[in-house]
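Participant: The structure follows.
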């Protein structure tokens, strides 16, 4: 197989924990040909999707873990699979890339995750498809509605719809002297829609990342435990990752969401679960492969490449 990875610049990879690197390393180990490009290197000419991509060889050297060939313009149809691994935010450039992927798919290119799914499954809003699994939630940009929600539930998390890694997340209460300015700031004075969720105290025990590959949950999750004094469990916000077997409730959530993900063509998703509640469905570039692999010995990257190979054979 020829696999094109579209991702952020390689020099930014932290390979000791990078999921895209784990995917590349496993694909390379199996003898697949790997190419790399950034999203801005996609183009359309004469109605055909093209990309300025480099062949990539994974090496055993550190820190120089890759070698790149010359940059060549080639059609996306030249690749067995295109794997989109660019990190959020899902801004206009991300939207344009997803639209180009939809055009490519119409020309027979296999894209993971599909352009349509990237557009339809906003990582914060996707949980609304599963109302029975979520804590009380409000989507709004209106200050009076957000304040009323805070007054009703007393302890609330506010977060934007387009962030990642715990960025711009606030925990607020009705008597917070900064509540008004926090609402003004996060909503851009009512010009931006945000999510409000009732605070789930089980975050103290960890915000669990459950990986779902081709509709099937990986048997271990990664509990991301907040640092002292922190509300956020995200590893990017200083949380500590601890691999754990799925609980019965974790599996129930994953097996409820998994079939819908598969139906929509989402090969890989990261479900975020706090306590008994689903809080996010990450589909752009889910992480935590490496942490689970290192702590359990389970080859999560192998499970992903297995699924990719199956999809490309059909």
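Don't overthink the numbers, they just go from 1 along the chain as shown.
Each Cβ is built from the backbone N, Cα and C atoms, and glycine gets one as well.
Not my notes, these are from Swiss-Prot:
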- 149-206: ATP binding site (BINDING)
- 280, 282: Mg(2+) binding site (BINDING)
- 122-309: domain 'ATP-grasp' (DOMAIN)
Participant: Looking only at DSSP and grouping its letters into three states, which state does residue 189 (ATP binding site) belong to?
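Facilitator: For residue 189 (ATP binding site) - judged by DSSP and reduced to three states - the answer is coil.
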Participant: Here the binding-site residues are 157, 181; which one has the lowest number of other Cβ atoms no more than 10 Å from its Cβ?
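Facilitator: The binding-site residues 157, 181 were compared, and 181 has the fewest Cβ atoms within 10 Å.
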Participant: Looking only at the domain 'ATP-grasp' (122-309), what is the mean pLDDT?
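Facilitator: That region's mean pLDDT is 93.
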Participant: How big is the Cα-to-Cα gap, in Å, between residue 189 (ATP binding site) and residue 282 (Mg(2+) binding site)?
Facilitator: 27
Participant: Could you check the binding-site residues 173, 189 and say which one's CB has the fewest neighbouring CB atoms inside 10 Å?
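Facilitator: Fewest other Cβ atoms within 10 Å, among the binding-site residues 173, 189, is found for 189.
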Participant: Among all protein chains shown, how many Cβ atoms are found within 10 Å of the Cβ of residue 280 (Mg(2+) binding site), not counting that one?
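Facilitator: Excluding its own Cβ, the number within 10 Å is 24.
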Participant: Find the shortest Cα-Cα separation between residue 282 (Mg(2+) binding site) and the binding-site residues 149, 157, 173, 181, 205, and name the residue that gives it.
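Facilitator: Among 149, 157, 173, 181, 205, 157.
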Participant: Within the chain of residue 149 (ATP binding site), which residues six or more apart in sequence place their C-beta under 8 angstroms from its C-beta?
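Facilitator: Correct list: 136, 138, 140, 156, 196.
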Participant: Which chain-mates of residue 197 (ATP binding site) that are at least 6 residues away have a CB under 8 A from its CB, listed by sequence?
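Facilitator: Same-chain residues close to residue 197 (ATP binding site) (Cβ under 8 Å, separated by 6 or more) are 134, 135, 136, 137, 138, 156, 157, 159, 279.
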